[in-house]
Amino acid sequence: MMKCLFLLCLCLLPIVVFSSTFTSQNLIDLPSESPLPKPVLDTNGKELNPDSSYRIISIGRGALGGDVYLGKSPNSDAPCPDGVFRYNSDVGPSGTPVRFIPLSGGIFEDQLLNIQFNIPTVKLCVSYTIWKVGNLNAYFRTMLLETGGTIGQADSSYFKIVKLSNFGYNLLYCPITPPFLCPFCRDDNFCAKVGVVIQNGKRRLALVNENPLDVLFQEV
């Protein structure tokens, strides 16, 4: 009997020693929480505000520069200007102010939002201030950015702002539902980069596979 008790104690000893190591001073390391989203900053280093207006300006200078503006699309029968363009140079007119409308809260990197030209307009043209991506253009073999979108709807009006590794930001088009036709939509989020194509001598914003538009945001 004494021999059995002795053997039982020997069996329990490692368990007691092992459990004693788990004290309040020696806790198991659990996976850390996801990092907080980073706010998008303007040219002055301030966080973008949904209630403020900004110009989208190119990082490049000269012919590589130019602000984003609202203009009339070639051959369009829309009653209001309905194209999203970039001026051909940073020497010239200022761009059309925009505001960024997040799903909720502030404006953060890699978060869905709507973009709207923030200008006075008649009631007929209100929807023609909201950015969206149009249908596949057969000539350019891509989709052009235009206005006529909606706010807060699961359609072609959602974008993201992503930080470049060194300086500035890119715009991404990110439809809520998988697009039927989107030649440059990639990865699990079906996002596509926004760049420019030349349309009738003007630089039109469009979805691109390479050379996206590198931009900054200047508060108005």
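Placed from the backbone N, Cα and C atoms, the Cβ positions cover glycine too.
Annotation comment: Swiss-Prot describes Cys80-Cys125, Cys174-Cys185 as disulfide bond. Residues or ranges marked as signal peptide by Swiss-Prot: 1-23.
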Helix, strand or coil at Cys125 (disulfide bond) [DSSP, three-state]: helix
Neighbour tally for Cys125 (disulfide bond), based on other Cβ positions within 10 Å of its Cβ: 19
Cβ neighbour count (within 10 Å, all chains shown) around Cys174 (disulfide bond): 21
In three-state DSSP terms, the structure that Cys80 (disulfide bond) belongs to: coil
